[in-house]
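Have a look at the structure below, then the notes.
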Amino acid sequence: MSEVPTSDFAMNSKIRVVVRVRPQLASEKTHSCATLQLDNQSVRLGVTERKEFRFDHVLGPSASQKEVYDTTGVAQSIASVLEGYHATLFAYGQTGSGKTYTMEGFEYERIASSRPSERAHTKAKIDVSSDRLGIVPRVILELFAALKTAAVVKNKAYQVKSSFVQIYNEQILDLFNPSSKRCLKLRWAAESEFFVEDLSLVDSATGQEMLVKFTEGVKQKIMASTNMNAASSRSHCIYTIYVESIDLENPALVTTTKLCLVDLAGSERVVKTGATGVTLQEAIGINKSLFVLRQVIQILSDEANNAPNAAKPHVPYRDSKLTSLLKHSLGGNSITVMVVCLSPSDLCYEENLSTLQYAARAQQISNTPVKNAGEAHKVLVQQLRDTIRSLQSQLTEAHLTIDRLQRRTKSFRPCIPIDMELQPVAGSSTSSTSSTGSTTAPPSTSLENNQVEPQVQQQGHGVAVQVAAPRLRSPPWWLGGAWSLFREKAPNRLPLPLDDDTYHSVPSIHPMATWSYPGALA
């Protein structure tokens, strides 16, 4: 069963928004930065008509990578993941606003193409100083440090896995399996909601091992150079860490949580980026998915402001692969942090305004963080389901047996007991009278113990009929004249066994051997 959050950080169901303004680029030095004014928790945009936006935290151009990491509260997200909650952090902003640097911290160098028809591309330089490390590398290293402590304190064993995908032109590509060029399929399951089929999950025993694998995936990202960004991400990248905790006192109790770290591609204006050809097609795909993301944010924020009894609106998660995979982070059960990246230049006024407006809407969205229950209850549920199926099978078999016995019971013909004495027949098949005219009394036959099988010989056709008779007794008094009528009207024939509705006629059988007893024919 899911539990309510216990920590103050987890209990805050609103999306946490932190704004970061990057330093000026060399190309922006000739332009002013008068439209953007910052405070600890507010951003004022404009000159004559200033628009003010308030957020959880606002960081200026001088903020270091460590300060950004500490301010976003990612450390609390890690603690919440170890407590059993899902968590998400995603960077949002226009192209060239510093999202990738905030998330990774790596340097990218521009590599010109040898062919004029091909665009220039960029390559990540992984070897950077520890001060430059972004949120993702810091999360990896701190996570394993926290796991080491939690294993002792909580008496648990932990297993850590990770996945890395990029969404490029609405196609999901596995960055941990670059040799496979095929696009992965997005699936839906009731328990896990949207998930990527056949996604590579990589085990890591140490933080350094996971960090090396992450940097290998970074090198496979699709990057390009534009007029606004020398190292522009051409896809949305989602790096997910899965933490599986095993209770050592009850090994069947396994809990799996995940921490999603998302670097969104930036929105682009073709007039400013100068995108053409493939780069232009990528920009169209990026803007389309970001448009759906903004729709989702707007609808969820409007829903948060509606009356409690208002009808729930349709949220178009399925309109984009990005929003499908972020469903649990936006209006779902995740603890979510949004890092908003801005440019200080007045040239980016319109882009900054749009970014701040959607960030203000996003912080109105209410998530419902729930603590994930262990897998032990799933084992119990499966056992109970198996027991129910077994009992249902036994019940069905019992009903079939009852029906079969009822049909057999209905097919029995009434067996009327009679008082009978049998006399061996010698020489005549129709008379038992002696030559003197007197009736010869047959010897009495005792039928007190077991059943007897008198043999009646019938002359004229040479057939001997073996008749198995039960113990015979006198007819009850209440039959009265009905018994005489039955003896007079009874046909000289014996019924076949119960499974045959026809009768086998035996003509001129000895009258003393005539009774109605099912199964009398041998």
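First residue shown is number 1, and so on along the chain.
Here the Cβ of each residue, glycine as well, is placed from N, Cα and C on the backbone.
Residues annotated as domain 'Kinesin motor' in TrEMBL: 14-365. Sequence annotations record features per position, and here TrEMBL assigns ATP binding site to GLY93, GLN94, THR95, GLY96, SER97, GLY98, LYS99, THR100. What TrEMBL records for 381-408 is coiled coil. Sequence annotations record features per position, and here TrEMBL assigns region 'Disordered' to 423-463. The annotation compositional bias 'Low complexity' is assigned in TrEMBL to 426-463.
The structure, with features from TrEMBL marked on it.
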| residue | record | contacts (Cβ under 8 Å, 6+ apart) |
| --- | --- | --- |
| GLY93 | ATP binding site | LYS99, LEU264, GLY266, VAL340, CYS341, LEU342, THR355 |
| GLN94 | ATP binding site | GLY266, SER267, GLU268, CYS341, SER343, CYS348, GLU351, ASN352, SER354, THR355 |
| SER97 | ATP binding site | ARG22, GLY266, CYS341, LEU342, SER343, CYS348, GLU351, THR355 |
| GLY98 | ATP binding site | ARG20, ARG22, CYS341, SER343 |
| THR100 | ATP binding site | ALA91, TYR108, ALA231, SER233, ASP263 |
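Using a 10 Å radius centred on the Cβ of GLY96 (ATP binding site) and all shown protein chains, the other Cβ atoms total 27. With respect to Cβ neighbours within 10 Å, the binding-site residues THR95, LYS99 differ, and THR95 shows the lowest count. Each residue in the coiled coil (381-408) has a pLDDT score, and their mean in this model is 86.
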